[in-house]
Structures are given as C-alpha cells and as structure tokens.
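Swiss-Prot lists E274 with the feature active site, proton acceptor. The active site annotation in Swiss-Prot covers K352 and is backed by sequence analysis. Taken from Swiss-Prot, the feature domain 'CN hydrolase' applies to 232-499. The annotation transmembrane segment is assigned in Swiss-Prot to 17-37, 72-92, 116-136, 165-185, 190-210, 510-530.
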Amino acid sequence: MNGAYRGALSRLLSKPFFLPLLSGLLLGISFPTWPAVHLEPLAWIALVPLLLSLEHEERFGPFFRKSWMSMLLFCLIALWWVCLATFVGGILTVFVQSLFSVVPLVVFYYFKKRAGFRSALLALPFIWTGWEWAYMQQDFSLGWLTFGNSQANLLWMVQYADVTGVWGVSFWLLTFNVLVLLLFMEKESFQVKVGIVMVMLVMIATPLLYARQVFRNTALDNTSPKVRVALVQPDIDPHEKWDGLGPEETLSRLYSLTGQSVRGERLELIIWPETAIPFYIRLPENKPYMDSVRRMVMRWNTPLLTGFPDEVPVFPNSARGEAVAASGAEYAAYNASMLLHPAGGPVQIYRKMRLVPFGERVPYSEYFPWLERLSFSMSGISSWAKGREATVMHFTSRDGQPVRMANIICYESIFPGQVSTFVRRGAQFLTLVTNDGWYGTSYGPWQHAAIDRLRCIENRRAMARCANTGVTLFYDICGRSYAETPWWQQSVLTADVPLESRITFYTAHPDLVPHVCLGIAGVLALVAAVRKR
C-alpha cells in the first residue's frame, strides 16, 4: 500500500503543471475568505512548489506557462466573486490580474538566466515587492492581491505594518518562502540548514513580539478623545436601488433607520453607505430632495456623511467621465460623498479618486474615448470621472472640538498610499462607505473588510466602516473589530471612535520600502547583466 501510494505521488509530482497549480491553490486559499476560515499561514510556503518547478526550466516558453497557470489559478480562487457583479468584467479582471502577477516571475527568469537560480531567489523578494508597488501606480491596477494582504486577519503577525506598510509584509512573506526553498535544497551543510532554520524562527518571533508590545501599549493608553458615530446599514439590493426604488422610498428608508439611531444618543456623526442616495441630488430639478435631507440633518442636530453620485459642469472636449444632460448643460459624473452640517453652510464633498477598472471606469478612456465601449455596467453604473483631491472633511464634536476625518469610498481602501495621504493631511480617524451587495453572500465583502484592517494598522487610525448590506463595523487602531452588524439585515450600529493625531513611520514614509526594493533590484539587475554565470 505504501509503495502504491509513493508511486502515485511520484507520478503526480512528475506532471509538469502539478507544482505550479499547487502553488496557485495555496496562494488562493491563503487570502481572507469568510471569518471562520483561517488559512493565512499557507502563504508562508505557497510559492515554494512553483519556484521548485522553475529551478531547471531553461526555456522561456515553459517557464512562462508554468508561472501563468499558477497565477491564473491563484487569481481565480481569490477573485471569482467579481463575476457575481459582472460576469464578463469578472473574467477579464481575473485574466488581466494573472498576467500582471506573472511580471515579477518574468524578471526572476532574467535573473536566473544571468546569475543562477540561487542568486535569483535572493533577488526575488526585492523584485516582487517593488513590482507590487509599481503596479498599483497605474489605472489598470486592481491592487487586491498584494501578497501582504493575505495576512490581514492574522493580526498578531502584521502589526509592524505601521513601520513598513503592507509592502513590508509582502517582503517578509516572500523572504520566508525563499528560505523554505533554500532549506529544502540544501543537501550538504548541516550548519547552513541550522542557520536557515534560526533565521526562519526569528522571522516568526519578531512580528509576534512587536505585536505583543503594540497591544500592551494600546491597552494602557486609553486617553484618546472619542466621537460617537452611528452607521446606518439600509440593506437595499443594489440592483433594486438603482433600477427600482424611487427617490422618495429610498430616502424614507434612510430617514426611518436614522431616526431610530438618534433617539437617546448624543451622536456626533451619522454615516450612510456608498451611493446611499442613488440619484443626482445636487441637480437643480432635485433641489426638493436636497432640501429634505438638509431639514432632517437639522432635526437630528448631527452631521451626516453620505455617499451619492455627484455631477459638475465640464467644458467641451475636456477629460471627463459619463456626461449627464441637465438643463442644456454638460456634467461629469462622480462617485462621491458629502458631509452636511446641521447648522447649514457649504457642503463638503469628496470625489472618488481610484475607480474599479472596467466596472466604474475604463482606464485611460479620457485619452482614448473609444475605450468606453469596453466598460461593463452594473445597473447602469459605469464611466465615472476620477476625483482629483484627497479631501479631509471636518466637523465639530459635542464638546466644541474640531474633528478631521478621511472618507474612503469602497475599493479605494486597497491603496495604502492614498489612505496615508488623508492621514498626513490631518485625518484623525478613517471612515469607509461601500456597497458590497453586488457580490451576494460570497466572501468578497469579507475579503474587502479584512484588507481594511491593514489601513488602520499602517496609520494607527480607527475606522468606521458603513456598508449597504454589510460588512458594517468599527475597527480600532490595531485593526480589531469592536462592534459589528449582522450581514444582510437592516440595522444601525453605534459606537465611540477614538481620535488620533500621531503619525506613524509608515504614514510619513509610505513608499520607502518599495522604493528601497526597487533600488536594490535595479542594482542587482546591473550586476547580473555584467556577471558571467
């Protein structure tokens, strides 16, 4: 029996795509899914089978096919749920993301050919981490599958992100994978094996010790001022919201839920989710609805932050998103949020700056308008224009103190550099509005919520996360959830949010780690170019 088992295993291992697909499987399931599933440690070894299969692959064609098959399976497992919102768009997302994920492995192939496999392994963490950052600087980036995001729910292992950001977590994981492979490959020196094991143990212990100190300091420091915030989860089907409900019924639901939340509470901020108001409420013909919202804010005597589609006039032939005809003028449409004060005054508006590729906007369509034909509309939502300013909103607390906050709209929380910009501009806490109802009961919304933890840790800012159908919750500065609503239920969640003013090392230097990695990778590439193998 044992012989038959070993024979079957040997035949399986001899299949050219078994090890690459095994890596793709391990990578895919290591990313956050539902709350009860914790397979994050698999990411610490997930790349080993793929790299092992590439050791003796000298021709680029087979090398690329193995790498791409691995990344394709990885992306399919981690991102299949995107197809629930738009099937064709989801397939395109998985395909494009897998191609971009292969890029660091193509560079690894160059190093391998010039400097040998072991030298290329040592360069891989620098190559991969630098590429992850570079990839996120352009509009095609989904940014979801940054390697470090796999550890988002493993809070004891990622607290050092306040120093390195998620980039440091990626580098840490990649280095550990390389060490595991080097340990497997070492056949001669017992001392070398012991040395590698010792380094691996240090790499496990260091984040744990750092986290222990962070949690201890957080428990001791309970002096931060707080604001009382209510999160309204209306639980409206997103397709129904855009295609079925009228303005009166939509606002009526929101008013009813919000009215319940203000009874007996000294609230200082009310938050409605992304596009909670699903029509162009600032257009002149919708002024009665805008006046209605203002009256309710005055009645509640509490500032209101809400998502809504905004529109501004644009000049002919200017770069813009979808044009909306109104009173003979031309408008650019934005996915936006606004803050209204009970005392009246100007509305504070933030317009979403990072848009979902192909779902909300076709990348670079402002330069090539014909690309608009490639958009995949979700109930008519597509072709938003890009916001240009990271606006920090402000209001006054009950005790008269000024409060500054960031508002992140949905997918933007995937971009660490953008969130840190809000904090450098003075945001004392983070708010996030989202509508993850497009993805049903898949683990997509939970994956999104998990990644949001990292933004809290990196900047040491609490987050009030308001979702249309869930996941609605509050995170503290360590990424721990301390209040949460049931999923797919109408509800209101109220809690105190701590305000912070300190700036972490990461917030002050958000691009330091990837820049260093790119610099070292560049130097190693020059060395490899002139080195004889």
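Indices start at 1 and increase along the chain as displayed.
Backbone N, Cα and C atoms are what each Cβ position is placed from, and that goes for glycine too.
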Non-local residues, at least 6 beyond the ends, that sit with Cβ under 8 Å of the transmembrane segment (165-185): 43-48, 51-52, 55, 118, 121-122, 124-126, 128-129, 132-133, 146-151, 158, 193, 196-197, 199-200, 203, 207, 416, 420, 454, 458, 506, 510, 513-514, 517
For the transmembrane segment (510-530): best-contacting stretch of 72-92, 116-136, 190-210, by Cβ pairs under 8 Å: 116-136
Cα separation, E274 (active site, proton acceptor) to the residue listed as 'active site' (Å, whole number): 11
Confidence summary for the domain 'CN hydrolase' (232-499), mean pLDDT rounded: 88
Local backbone state of the residue listed as 'active site', from DSSP in three classes: coil
Secondary-structure category, per DSSP, in which the residue listed as 'active site, proton acceptor' falls: coil
Number of other Cβ atoms within 10 Å of the Cβ of E274 (active site, proton acceptor) across all protein chains: 26
